């Protein structure tokens, strides 16, 4: 109770100072105006602290994993304070790319060949200046998987690399085929269900640095792809552990949520045009096998997947593809420790579709569920430019995995 009162006093004082700066001085010329502002600030602070700022739910089927997280990754048990002026999920989702900083990262690009004649672009952050791990052969390595149309340039990827750099780790960003400016050599792109490219990349990295501790982190569709891979491989993977952020658990529910009028206007239509633009860049390679004129008429992601993605990967119907792409169906088969962060107000991954009961049945899975945060948002602080709640979860978890390797591997 005393902590709540302290939080209330601090928040009220910050809001009052902010309003004094923003509201014309004339209003504060009278005691009535000042009283109104202070009263509003106190009421707002009470609502925020009682209804918005909450501790996340930690869901896991293993008491051992739960204790490990509470001890070595305490951020998952601490109250998450969303940015006071933009806590709503859609607002956080929209603002995050514009608000958060983009620290420059010098990558080393590598193109690796695939068995079908294609190529995959990997962007390496070698961190050769690492003081903690000067030996490159044993330097902890994190494979990063961006979202649906994302690349190594996304702000959330840059933030993960920044956190990893401070800890002395190496990062590798897996860019899906055709997204990072490389030539598409074969008429094949990517999807959330097909894990062949990811498996090739994981074994390529492991073969190069066999003595280095190795884990992965996936965001949005990258998280879905990583979950589907882990559900297929069980314990037969070079990865020690994985972190998943804002993954869509049930593709049917995600598609339905994104097709609601406001969500379609804010997100669905824009992402569909991004997918179409990506296809247009490789038109000469793809038009021999696909009716691209029909693909370009799609107004939703579901229509795009029906005309293009499901056809490319040989699914009889789009429903067949969506069943295969939904990680909730493979969660019970995951055989290494996985931490999954989701917000319950994420329109890309509706809270009711998160497989809480299934997670309780797998001792390798932990869900961290916040009440606010949106999709890859998790903004916090008055001006959330440098660090988000998601960044802090990522940093603490990867550090816990690499520094307590014996504990994580014995789970």
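Cβ atoms are placed via backbone N, Cα and C, with glycine included.
All TrEMBL annotations are machine predictions without curation.
Positions annotated as domain 'AB hydrolase-1' by TrEMBL: 140-381.
Under a cutoff of 8 A between CB atoms, and with a sequence separation of 6+ in the same chain, the neighbours of residue 220 (active site, charge relay system) are 146, 147, 148, 150, 245, 246, 247, 248, 348, 375, 376. Residues or ranges marked as active site, charge relay system by TrEMBL: 220 (among others).
Note on residue 346 (active site, charge relay system): other Cβ atoms within 10 Å of its Cβ, all shown chains, come to 28. Per TrEMBL, active site, charge relay system is recorded for 346 (among others).
Sequence annotations record features per position, and here TrEMBL assigns active site, charge relay system to 375 (among others).
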Checklist outcome for this item: Taking all protein chains shown into account, the Cβ-based neighbour count within 10 Å for residue 375 (active site, charge relay system) is 25
